[in-house]
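Asker: I'd like to ask you about the structure that follows.
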Amino acid sequence: MMQETNETYDNSTEIYQPYYERPETYIVPILFALIFVIGVVGNGTLVAVFVRHKAMRNVPNTYILSLALADLLVIITCVPFTSIVYTVESWPWGRTVCQVSEAAKDVSIGVSVFTLTALSADRYFAIVDPLRKLHATGSSKRATRLTIATAIGIWILAGLLATPAFIGSYLRPFVVNPTTQFLVCYPYPQEWGEHYAQIVVMVRFLLYYSLPLAVIALFYVLMAWHLVLSTQNMPGEMQGTQRQMRARRKVAVTVLAFVLVFAACFLPSHVFMMWFYFCPTAENDYNGWWHGLRIVGFCLSFLNSCVNPIALYCTSGIFRKHFNR
């Protein structure tokens, strides 16, 4: 969630509270500064490790590289500009930055969730059918080509899905009272229809959250079921095969950590957006609790972009070794 929800601005109260009296005016920029520094250092290091060490260039790490690039995109193009959404009353950057910021956010979210889905599928097939050359350790040239093609296809798809946000985002005047008016970066043009905002909010919830997470959950349930059955049916596996399976399970755990972080970071944002745009009395019911949820969702959606390297550091001994050098 970004500046599109700023149109709410305490609609439920007749008394407008100036920004300098609000705690988020000071807290959010500090948090965003930390997100920017940690995100650039963490994701930049992840990219550097992938580029410098040829042994790291396998199928899952190629997808993880794509995740890091998507996170860097949103950190560099969005965080510096949107950090002031709760600090200044009127969007100061002009329409072009508004368009780029909204589109970059959608590209980053799309690349992240579609890449996590592809990673989950890859881990499922690596564990269930480890002899296939399209995955396994990802060392075959065919696997590498397929992975790169998939990653590029994901970026193209995410870019296409973000096109409406780029074209439609504009600076919408918002009147608080007869003496207070300001501009908001808003991605839902009024001329595109009365229900356009609701359609976009619902499509984003389905396409960027609930459906991919349902597919990922299915892959992990099937993966767990296969591991249970394989343990029962093949108690005397060869030691080499056991080591391979343990290695693949570790990668699966890493991917699961990414998925859980993504789900947790974007849930508050989706809850608020669905409530605000689909509840008929949302503007009248808007209170301190919903305002707090809006800010938490806003911050968590960007925090997601700097957490993945931390999750990888905690779950991957190989990455941790390269990072500490």
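Glycine is treated like the rest: Cβ placed from N, Cα and C.
Curation plays no part in TrEMBL annotations; they are all automatic predictions.
So TrEMBL says this about it:
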- 26-51: transmembrane segment (TRANSMEM)
- 42-312: domain 'G-protein coupled receptors family 1 profile' (DOMAIN)
- 63-87: transmembrane segment (TRANSMEM)
- 107-125: transmembrane segment (TRANSMEM)
- 146-167: transmembrane segment (TRANSMEM)
- 206-230: transmembrane segment (TRANSMEM)
- 251-275: transmembrane segment (TRANSMEM)
- 295-319: transmembrane segment (TRANSMEM)
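For the listed features, I'd like the structural context: burial, neighbours, distances.
Answerer: Same-chain neighbours of the transmembrane segment (26-51): 57, 61, 64-65, 68-69, 71-72, 75-76, 79-80, 82-87, 295, 298-299, 302-303, 305-306, 308-310, 312-313, 319, 322-323, counting only residues six or more beyond its ends whose CB sits under 8 Å from a CB of the stretch.
Long-range contacts of the transmembrane segment (63-87) within the same chain, counting only residues at least 6 positions beyond its ends with a Cβ under 8 Å from a Cβ of the stretch, are 2-3, 6, 19, 22, 24-26, 28-29, 32-33, 35-36, 39-40, 43-44, 46-47, 50, 93, 97, 100-101, 104-105, 107-109, 111-112, 115-116, 118-119, 122, 147, 151, 154-155, 158, 258, 295, 298, 302, 304-306, 308-309, 312.
A Cβ distance under 8 Å defines the sequence-distant neighbours of the transmembrane segment (107-125), meaning residues of its chain 6+ beyond its ends; these are 59-60, 63-64, 66-67, 69-71, 73-74, 78, 132, 134-135, 138, 147, 150-151, 154-155, 157-159, 161-162, 204, 207-209, 212-213, 215-216, 219-220, 222-223, 248, 251-252, 255, 258-259, 262, 266, 304-305.
Panel annotation: around the transmembrane segment (251-275), residues 1, 5, 60, 64, 67, 109, 112-113, 116, 119-120, 123, 126-127, 201-202, 204-205, 208-209, 213, 216, 220, 223, 282, 290, 293-294, 296-298, 300-301, 303-304, 307-308, 311-312, 314-316 of the same chain, lying at least six beyond its termini, place a Cβ under 8 Å from a Cβ of the stretch.
Beyond the transmembrane segment (295-319), the same-chain residues lying 6 or more positions past its ends with a Cβ under 8 Å from any Cβ of the stretch are 1-2, 5, 24, 28, 31-32, 35, 38-39, 42-43, 45-46, 49, 56, 64, 67-68, 70-72, 74-75, 78-79, 82, 85-86, 108, 112, 250, 253-254, 257-258, 261-262, 264-273.
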Asker: Short question: which residues 6 or more past the ends of the transmembrane segment (206-230) have a Cβ under 8 Å from it?
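Answerer: Here the qualifying positions are 109-110, 113-114, 116-117, 120-121, 123-124, 127-128, 161, 245, 249, 252, 256, 259, 263, 266-267, 270.
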